[in-house]
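The next block holds one structure in the form of C-alpha cells; read it before the comments.
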Amino acid sequence: MSPQTETKASVGFKAGVKEYKLAYYTPEYETKDTDILAAFRVTPQPGVPPEEAGAAVAAESSTGTWTTVWTDGLTSLDRYKGRCYHIEPVPGETDQYICYVAYPLDLFEEGSVTNMFTSIVGNAFGFKALRALRLEDLRISPAYIKTFQGPPHGIQVERDKLNKYGRPLLGCTIKPKLGLSAKNYGRACYECLRGGLDFTKDDENVNSQPFMRWRDRFLFCAEAIYKSQAETGEIKGHYLNATAGTCEEMMKRAVFARELGVPIIMHDYLTGGFTANTSLAHYCRDNGLLLHIHRAMHAVIDRQKNHGIHFRVLAKALRMSGGDHIHSGTVVGKLEGERDITLGFVDLLRDDFIEKDRSRGIYFTQDWVSLPGVIPVASGGIHVWHMPALTEIFGDDSVLQFGGGTLGHPWGNAPGAVANRVALEACVKARNEGRDLAQEGNEIIHEACKWSPELAAACEVWREIVFNFAAVDVLDK
C-alpha cells in the first residue's frame, strides 16, 4: 500500500458500526419545498431511544446501512441521505412516537410510485430495532408531482363524458361475485342499469375464470350498456375489470374494451401493482377510457394501527399513479372507516390543496398543483336507509355503490335500482331545499316511500340492518 493510499484511508474511512442518530437524526434541519416528507409511527424495541429508532428509519429508507462502508466517501451523503428532523410522542401511548423524515428529491425516479415506495417502505419495516412501524402520511413535493400524469381524466371530465351533474353517481357490484355465467351476468347488469343506476361493476376477483371468461363477460356487459342506454336515454357504464396475470394480458383486455366503445374499465391497483396501474392509466387517457380502481388487499396493509401503511398514503399514491375512481370506505356500512379519517383522505383524493389538519389525520399540507382529482367510491354493506348519511358525508362528487343493497331487493334487480335512484333523488332534492339530511334523513326516506313502492319494499327489508362494530383505525386523542 502506498503512503498516499494509507493517508486517504486513515483520514476518509474508519471501519466499524456507528449509531444511526449520529448522522441521520438532525433536529436542526429545515425542510425544503422539494423534499418528500414522511410521518412514521415508530414503536422501538425496549431500550432503543426514539432518536435512534427514527434515525434508523431515515437511514434504512435512504442511504444508510448497518456499518460504515468506504464507498460513502465516493458520494455526498449530506446531499442524498434521509433525515429524521422531528420526533413527538403519540398521545395516550407510552412507547410510540411520530418520527418525521425528509427525503431529498434526487432519491426518487421521476413518475414512479414503484420506486418511491421501494425506497420509503421497502426495507425499514423489517428492522429488528423496531417492534412496529407505520407510515402515517407523506407530503409529496410539487416538483415530484409534476413528473406524474395522475388520473386519466379527473372529476370534471368524467361528468362531462357522462352528462351527469348535481348529484352523486350510483353504482352496483354484481353479486354473487363468482359463479354466474357471462349471459346471466350481463342480464343482471342490464336490469340494474335500466332501473336507474349509472354504473354496474365487476367485483375485484372477477378476472377470467372457467365459469366466465373475460371476453364473454365484456361482450354481454357491453350489450347491457347499449340496451339500457337506448331505453333510458342516459349514458351508462360497467366497470370491466382488466386486471390480469400479466401486463400484456391486462392491456389486451383494455384494448378490447375500447374497441367495444364502453366508457370505463377497472383495475385492482394493489394486487396488480403500481407499475401495471400507471401503464393502464396512461392508456386510458390516450384512448378516452375512465379508470375505476379497486383497493383489494388494502386492509392487509393499512388495518393495524401501529404497523403498515395508512390508507391516506395509498390514496395519495393512487392519485399519482392514476385512477378516476377509488373505493374509500363508507363510514356507515360494513367495512372499516372512521368518519374524520375517511373524510380526510377523501379530501386528499378530490381537492387541489389540503391544509394540515391533525384532527382528520392529515399530517402535512398537500398541494396537488392541478393534478386531476379522484372520485371516492362508497361501497360495502350500504342500503337505502344509509342514503341520507352517504349524501351528506360524501357530497356530489362521489359514487354510492350498492351491491346487495340493489340485488337483494325482494322484487328483483331493476326494482332494487329504482329504490336506490328514488332515495338518492329524494335526498338531493331535500338537501337543495335546505333540509338537514343528518337530522331529517329517515323522514325524507319515509316521505319518498309514499310515491315509490319499490323504495317502500326496500325500506321494509333493511329497516333493522346495522353494522355496529368499533373502528380499529381511530385518531389519537
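Including glycine, each Cβ sits where the backbone N, Cα and C put it.
Note on Lys175 (active site, proton acceptor): other Cβ atoms within 10 Å of its Cβ, all shown chains, come to 16. Swiss-Prot lists Lys175 (among others) with the feature active site, proton acceptor, giving similarity to another entry as the kind of evidence.
Positions annotated as active site, proton acceptor by Swiss-Prot, on the basis of similarity to another entry: His294 (among others). For His294 (active site, proton acceptor), applying a Cβ distance below 8 Å and a minimum sequence separation of six or more within one chain yields Glu204, Asn241, Met266, His267, Asp268, Tyr269, Ile326, His327.
Long-range Cβ neighbours of Thr173 (substrate binding site) (same chain, at least 6 residues apart, Cβ-Cβ under 8 Å): Thr200, Lys201, Asp202, Asp203, Ser379, Gln401, Gly403. Marked as substrate binding site by Swiss-Prot: Asn123, Thr173, Lys177, Arg295, His327, Ser379.
Residues or ranges marked as Mg(2+) binding site in Swiss-Prot: Lys201, Asp203, Glu204.
What Swiss-Prot records for Pro3 is N-acetylproline, and it gives similarity to another entry as the kind of evidence.
Per Swiss-Prot, the feature N6-carboxylysine maps to Lys201.
Per Swiss-Prot, the feature site 'Transition state stabilizer' maps to Lys334.
Of all the binding-site residues listed here (Asn123, Ser379), the one with the fewest other CB atoms within 10 A of its own CB is Asn123. The CA atom of Lys175 (active site, proton acceptor) is located 39 Å away from the CA atom of Asn123 (substrate binding site). The Mg(2+) site, placed at the center of the C-beta atoms of Lys201, Asp203, Glu204, has further neighbours from the same chain whose C-beta lies within 8 angstroms: Thr173, Ile174, Lys177, Asp202, Asn205, Val206, Tyr239, Asn241, Met266, His294. Taking Cβ-Cβ distances under 8 Å and a sequence gap of 6 or more within the same chain, the neighbours of Arg295 (substrate binding site) are Asp268, Tyr269, Leu270, Phe311, Leu314, Leu318, Ile326, His327. Cβ crowding, taken as the number of other Cβ atoms within 10 Å, peaks at Lys201 among the binding-site residues Lys177, Lys201, His327.
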